[in-house]
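Remarks on the structure that follows.
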Amino acid sequence: MDNRFATAFVIACVLSLISTIYMAASIGTDFWYEYRSPVQENSSDLNKSIWDEFISDEADEKTYNDALFRYNGTVGLWRRCITIPKNMHWYSPPERTESFDVVTKCVSFTLTEQFMEKFVDPGNHNSGIDLLRTYLWRCQFLLPFVSLGLMCFGALIGLCACICRSLYPTIATGILHLLAGLCTLGSVSCYVAGIELLHQKLELPDSVSGEFGWSFCLACVSAPLQFMASALFIWAAHTNRKEYTLMKAYRVA
């Protein structure tokens with residue numbers, strides 16, 4: 001194996017490993033989107049009511065998004081989190097202080113919630129199903145797993161190529177990484193589109209701002225890494241095969 005191809009193969013493996021770590025981290029963390037709002041007063045009946053609704057199994061899209069807006073919420077692919085006062089005194093509000101302890105509480109999306117239909121008017125089950133938002137939501141959490149699966153399968157083929165001391169099978173690895181990159185890019189695009197459509201339905205309060213978090217950024221970085229790894233795998237395998245064929249033809253001649 002030529003040193004050029006071996007170097008390209010090693011670099012592609014490193015890029016693939018980094019992108020896999022980034023993708024896995026983005027799936028497992030809860031900072032795809034973050035809301036920033038004024039810290040709420042400790043101990044109020046409204047706080048308790050919102051928290052109870054937030055953790056309820058029957059919480060609809062509007063209910064938990066209202067809580068996310070109000071309590072500096074963060075959203076991942078599988079969990080939603082809010083920041084609430086650490087010690088809640090439901091019986092009477094304590095005197096206001098400049099600051100008080102807060103704690104982050106998270107609730108996981110159930111598999112049923114992940115596949116649940118989204119409505120044209122969030123929270124209103126009589127408003128009809130919003131098919132676009134429904135399928136965007138489903139794609140945004142399914143595609144990252146497809147991406148990881150493709151990369152793992154590609155890594156297995158690459159391992160077989162190393163055992164066989166041949167670069168040619170890595171063409172399949174490159175193609176799988178290309179498909180993984182497309183899945184990651186599709187997931188990111190679906191998430192952005194879904195957030196924009198949601199905010200058109202549920203406008204943010206004046207005192208609340210929202211931004212994409214670092215988990216989302218990891219997914220965004222993972223996609224180009226997958227594309228670069230794919231290009232290197234395919235180039236190394238194709239060029240090495242081509243040179244081997246030419247050399248074989250030269251020897252025969």
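A Cβ is built for glycine as well, from the same backbone N, Cα and C atoms used for every other residue.
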Residue from ASN42, ASN47 to which Swiss-Prot assigns N-linked glycosylation site:
ASN42
State the residues, same chain only, that lie 6 or more residues beyond the ends of the transmembrane segment (216-236) and have a CB under 8 A from a CB inside it; answer 'none' if no residue qualifies.
4-5, 8-9, 11-13, 15-16, 18-19, 22-23, 25-26, 29, 31-33, 144, 147, 151, 154, 158, 167, 170-171, 173-175, 177-178, 180-181, 184-185, 187-188, 191
How many other Cβ atoms sit within 10 Å of the Cβ of ASN72 (N-linked glycosylation site)?
20
